[in-house]
Amino acid sequence: MSIATPASSDLLRRTFLEFFAQRGHEIVPSAPLVPQNDPTLMFVNAGMVQFKDVFTGKDRRPYQRAASSQKCIRISGKHNDLENVGVTARHQTFFEMLGNFSFGDYFKEDAIAFAWELLTKVYDISPSRLVVTIYNGEGGFPADDEAAAIWRKVTGFGDDRILRLGLADNFWTMGDVGPCGPCSEIHFFHGKEPDVARFGEEPRIDGTGWTEIWNNVFMQYERAEKDGPLVPLPAPSIDTGMGLERLASVLQGVTSNYDTDLLRGLVDKAAELSGKPYSGGSADDDVSMRVIADHARTAAFLIAEGVMPEKQRREYVLRRVMRRAIRHGHRLGIDRPFLHEVALEVVRRMGETYPELRDRRELIARVTEDEEVRFRSTLKRGMKILDERFDEMRSSGERTLPAAAAADLYTTYGFPLDLTQVISAESNFDVDVQGAEAIIKGAGEADGPIDPTAAVDPAHREARAKLAQPVVFTGYEHEEGDSEIVAIVRVEIQGEGDRARKVRALVERAEAGAAVEIVVRETPFYAESGGQVGDVGEVTADGARVEVKDTQKPLAGLVVHEGVVHEGALAVGQRVHLAVDHAARSATRRNHSATHVLHWALRKVLGEHAQQKGSRVGPDVLRFDFTHNRPLTREEISRIEDLVNEKVLTNAKVTTEILAMDEARRRGAMAIFEEKYGDTVRMLTMTPEVVELCGGTHACALGDIGLFKITSEGGVAAGVRRILASTGLNALAYARGVEAELARARQVAKAQGGDLAEKIGKIVAHERELEKKVAELERRILEGAGPAQGGGGGGIDAMLDGARDIGGIKVLARRVPDGTNPGALRDLAEKLRDKLGDRSAVLLGAAVGDKAQLAVMLSKSATERLKAGELIKPIARIVGGSGGGRPDMAQAGGTDVAQLDAAIAALYTEVERALAS
């Protein structure tokens, strides 16, 4: 059977998945773009990412064959082709990867046969337009002659169509350690006459030439340590990936991914908004339209997952992509916010396949429009500054924009460094990118590297190997139970402070005083997962007692009870009694159930965009993070509390069911993007409106929660808010604490009944009036004090004595009477700057208690050559502090008052240095 061409991308995707489903593969939904429990990645960039733990043995699935269509983003790390997006026919930041996977089931022969059958029989691609590549055997790895032989048998190709390439092209590794193996790529020729002699050439801008469409990775080795020997895997695995956009270009008869039905509609939307035609060539306008199409797609998908454009980590990557698209719209002459319209076109075209787009339609539109409105003013300001700087550089003959200038555009105005590069290049200037990045990093603005996850401890692997099956959890029904010790892991702390680390080793016996991790066959203890903390309690047997302080799951199927042997001794094979701390478990159950009702209430009050981004529930804590781009009002908090407590008062029964994932979704269960789910899930039903997937322990009925009270609300990250709340007796204790605090406030304010707020208002108003009077007195004293530290007359004019001319700028640095508050310091510096006139810079300093305070003021004309925020940073370090501010005004503070005079005098040196650079 073959499909008719040109085929829609939806049909190609569906055909791929159906092909592998018919061959025994489990069809697995796309994982979220934000990696689940994998801090080594910024975004999911391949289909295998969600199976990484399966390949490494950390996780087990109920299937050995899988296939998926995975949404991917490649925009950071080694897969960063941002500058090529829109320029070439192949590069995008967002794409879909079709893949089939084998976890120790079939290997090379079946993988190659599947790929060839699908491409040539089902998709009906002519073999004459295909070549394959295999690994040639370099770098200490053997050549993949096995794959070559299979390809010859399956395709009938000679060696001229089975090309041998090296380590960089045809050998895949997960990292310095872990599974690895050769890979085999299938390439397609876009153009009239396939020419194998041109294979090594890059495809042309229009897409003609050879291009990879499918990669088959044969994981057959494992490296246990960096630079160590390769060891054959006992169960070799398969990981393949084929870009849907590339496949669509082949089967829709076009040479550019941007002319496929996945992207052409978005390109046309950009053309429509610009009022210019799209010709599909390499002209600047065509490139800009393609950039907008790709970047709008990336933005829509990330926002749908709760990523908001901000300054840190993933949020900054999103902001960078959005602002790059906006910049290209500006270049096309679009003079109004437009990106949200292209993003909504993404929703319209892809919302059926990816319902999260449709569900977050309003959020996507609002966030993209808000970001564009903000950035348009930044763009206008940044362009003006750059144009002025370019004029100066042309006059002086400079060709490279200094690092400080590029960094200042980012730190002061939020103008992206890569955008500065693009605009500079358009005007034939270079940018000192390395220097600018160093300055930005020093200012704390750069996103630091993401630390990789720790490897599984060998002792845990050994402990897991002793189990015939995964540890059975009995805690849904029981809080106590008996079991047999299968393994004891002794834990010792080696090193101190930051160098301290846990060293684990399996032992047969543990005596009193030993720190241990106990493994049994079945346990009522809940191991930490899904935001719920691990249970605490006791393990006892024959005079032995272990206080369990935590329960963890370091490896799939393995549960360890962490604690200390307080009495007696325990041995492997011994029967023990396990008892969960009832009070702690009950409080945790109340808090956990409350988080689910809270999630529902947040969506009800704030909108469907208020999605869970994280949670932490234990006996004393209920912490819930959710997507929302502003603080909650007092009225919203009250409404959320009311909704939760109204549900609690119904005392509705909490029920759980084990269902297939598809059935749970059909019945309306809410799944959380950050959570991992298997094929069978535990569905929690509290009310018809509150139905979610959860593996934790819960109250039997909502009435068990008792009372729900929000204790705080605030921001924790870009576009993410956090609620802390209490339930049951903890909520009652919180309410009593608030009552006691109010009683103390009434006593201090001498208030009666309900007039506390009025009394406090009068006290605050009186304090402000006194502050104004004090500030006025300080101003008069300062203006009459003259240049001496203790006063002495002369007034403000006398303080101008000693101003120096440095490079045409009048520079004045003074210490004023100690005790001068920062506001008065700033006001006086402003007056002195105005007295000095045009092209002036003033720094004043004073000791206020045990702190040194500094203020810098620059005239407008002086900011063309100097920046107050940059001048004050090295000066602040002299007094052991830090500071910053605008180009014309900056303040700083420090703790080393003894160095205040030296810091003030340093202004002259810093001005000279800045002007020289």
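Just so you know, glycine gets a Cβ as well, placed from its N, Cα and C.
Cβ neighbour count for His698 (Zn(2+) binding site) (all protein chains, 10 Å cutoff from its Cβ): 24. Per Swiss-Prot, Zn(2+) binding site is recorded for His592, His596, Cys694, His698.
All protein chains included, Cys694 (Zn(2+) binding site) registers 22 other Cβ atoms within 10 Å of its own Cβ. Over all protein chains present, the Cβ of His596 (Zn(2+) binding site) has 27 other Cβ atoms lying within 10 Å. In sequence order, Ser593, Thr595, Val617, Val654, Leu684, Glu692, Gly696, Thr697 are the residues of the same chain, not among His592, His596, Cys694, His698, whose CB sits within 8 A of the CB centroid for the Zn(2+) site.
Under 8 Å, Cβ to Cβ, and six or more positions away along its own chain, His592 (Zn(2+) binding site) finds Gln532, Val617, Cys694, Gly696, Thr697, His698, Ala699.
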